[in-house]
Amino acid sequence: MFGVVLAIGLLVDDAIVVVENVERIMHNEGLNPYKATQKSMDQITGALVGIALVLSAVFIPMAFFGGSTGVIYRQFSITIVSAMVLSVFSALTLTPALCATILKDETAKPEYKGFTGVLLKLKDAIGNFLNKVILNNFFSIFNKIFLFSTDLYVKCVRIVVKSLYLYVILYIAICIATVSMFVRIPTSFVPEEDQGVLMAMVQLPAGATMERTREVINQLSDYFIDEEKENVESIMGIVGFSFAGSGQNAGMAFIKLKDWKERKRNDQHVRQIVQRAFPRLMGIREGLVFAFNLPAIPELGTAAGFDMFIQDQSQNGHQALMDVRQKIVRATTEGESAKLLTRVRANGMDDTPMLKIDVDYPRAMSQGLSILSINHTLSAAWGSSYVDDFMDRNRIKKVYLQSEASSRMSEEDLQKWYVRNNSGKLVPFSSFAKSSWDFGSPRLERFNGVSAVEIQGEAANGISTGQAMDQMTKLVEEIAPGYSIAWNGVSFQERQASSNSLTLYSISLLFVFLCLAALYESWSIPFAVMLVVPLGVVGAVGAAFLTQMFPFLIPWSQPLENDVYFQVGLLTTIGLSAKNAILIVEFAKELYDKGHRLTDAVVEASRIRLRPILMTSFAFILGVLPLAISTGAGAAGRNEIGICVIGGMLSATVLAVFFVPIFFVLVMRYFTKYKPRKKISETSETEAV
């Protein structure tokens, strides 16, 4: 859907360029719509093809990235490229036909014949009356302001192209500022979304009973129902299970929030609800209780924030690994880590008392027992064993074999069990097995084949997940030098996306350059277009940087971060910045080919192309404005793309109309051997300008 909204603005851009150029030729040269359309298409066909190639070159490489990041990229890539192909096809075929037939020929005198003529005359009379009474004053004022602005702009461009080196220094300063802001923007994978649901986990000390766990869940439910009744619709608690593992001391709760229409204030966002709940839930002394938001992308983890495994690569043993886990979790609440991290917890079961059974296998085998029969008896008696299926009221049900609860409640019950040997006799467990109490982990975890423990947590308010992950990496390196880190879920995808972003930008820029080189049949002229890219990027990066520095600028959303959506917005800005430059460069090159002096050609091209550049840019900005100001489910991603693209388009439009003439003059004067195809007289040159 994001791609469709972005494509709406792109679809009308090419048509705007065609219609504006036809109307300009009709007005300036007095041609009828048909001839004006022919001349217009001769002038701008190359520019339209170039724009389509550039935007396609920006987005096509995105479609070939793998992983979860590639899935997101691919949706934008296919949608926008398809829209661009349709847009340029329409602009080259349908739009010219409509211009030739629909646009009104101001030089022709209308003929009114018969009844149809009477109707046409009446329509024209009404239209003329409305124009004179309502629209003429508005259009007259607007045109005067625009003509004055255009004349002022042309004067500024003439001054700019005469002071090339001063503005080259300014351009370098803009590039340095862009890089400086970009490296300061926090990184993440995707923004945290309000999905209308949050979860809570409960972990009591080892050996706690189910009744104690249920009591803690009741306290959790009472808090959300009483303290957050304005935001919470319902809550469901589960005892005996959590994402950390199963057991009587584990539990979790699912909290359903009210509809987004009823939670319009900033303090009603799920992130604020979780932050308020944290200190209250930590006050429950009976166990560890915490609430958390769901991951923005389903199936990529169980909670928002970061998810990591600490791996015992040196094989130091289970107890050493558990000690390291405790030290790291404790360190997150101290010093600098306390400012960057919150709700850090071990996502696993603590060591618990357990009954250890030692089987004397030689003695058991001497009594005719097999290892399989011993293990099967233990499994069926103390756990369960699947037997068969049966039909009950037209439904298939399963049969499980399990001992009664009263026969598996204590250590002494083990001695009452018997195993049948190969002679059919029953042999008591007491004759070949002994039991004793031990202390250990109920579940031994491995990650990538290595013993590991899982730690989850979230970034503190105003801190990105990328910064939180860097801090966790630093803690592990300081506290546990013999252990390694493996990221899981969304965190793994974030690390992959951040490492691939530079590759994506580089490939897209390379494709753009090659397309422009083929279009202009030159290796140097494309640089006049490519150099405009930082002027668009500075707006997108600046918008993100400002939201980080001053979050109150967008009270309806969270500060922008360097994530997947930001990268999509940045690539869109790159393509649209190049589009504005192509419109000027194409006309400047055409005038230069006709024999105009270099500076006169670029000034005239800037004057002619100012109106369509402003029209297409503001049409696109208004098209994505709903993304920037939207609220509700999934709004964070929409806001990120919208704000990023609007910032980039504003800077690309305002700066490019002044810097593109500079780039064209520099490239043509110092970096190319390209010569105009023909010369014109000084008189005609002056008249053209």
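Count begins at 1; order follows the chain as displayed.
Every residue, even glycine, has its Cβ placed from backbone N, Cα and C.
Automatic, uncurated: that is what TrEMBL annotation is.
Here is what TrEMBL says about this protein:
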TRANSMEM  43-66  transmembrane segment
TRANSMEM  78-103  transmembrane segment
TRANSMEM  164-183  transmembrane segment
TRANSMEM  502-520  transmembrane segment
TRANSMEM  527-552  transmembrane segment
TRANSMEM  564-587  transmembrane segment
TRANSMEM  608-629  transmembrane segment
TRANSMEM  649-671  transmembrane segment
Chain residues outside the transmembrane segment (564-587) and at least six past its termini with a C-beta under 8 angstroms from it: 2, 6, 13, 17, 43-44, 46-47, 50-51, 54-55, 58-59, 62, 69, 72-73, 76, 80, 185, 189-191, 497, 501, 504-505, 508-509, 512, 516, 525, 528-530, 532-533, 535-537, 539-541, 544, 602, 604-606, 608-609, 612-613, 616-617, 620, 637, 640-642, 644-645, 648-649, 652-653, 656-657, 660-661, 663-664
Beyond the flanks of the transmembrane segment (527-552) by at least 6 residues, Cβ under 8 Å: 54, 171, 174-175, 177-178, 181-182, 184-186, 462, 509, 512-513, 516, 558-562, 566, 569-570, 573-574, 576-578, 580-582, 585, 643-652, 655-656, 659-660, 663-664, 666-668, 671
Same-chain residue ranges lying at least 6 outside the transmembrane segment (78-103) that approach it to Cβ under 8 Å: 3-4, 6-7, 10-15, 17-19, 22-23, 26, 33-34, 36-37, 40-41, 45, 48-49, 51-52, 55-56, 59-60, 63, 572
Stretch-level contact, the transmembrane segment (502-520) and the transmembrane segment (43-66), CB cutoff 8 A, at least 3 pairs: yes
Chain residues outside the transmembrane segment (649-671) and at least six past its termini with a C-beta under 8 angstroms from it: 153, 156-157, 160-161, 164, 167-168, 171, 174, 524-525, 527-529, 531-532, 535-536, 538-540, 542, 573, 576-577, 580-581, 584-585, 588, 592, 598-599, 602-603, 605-606, 610, 613-614, 617-618, 620-621
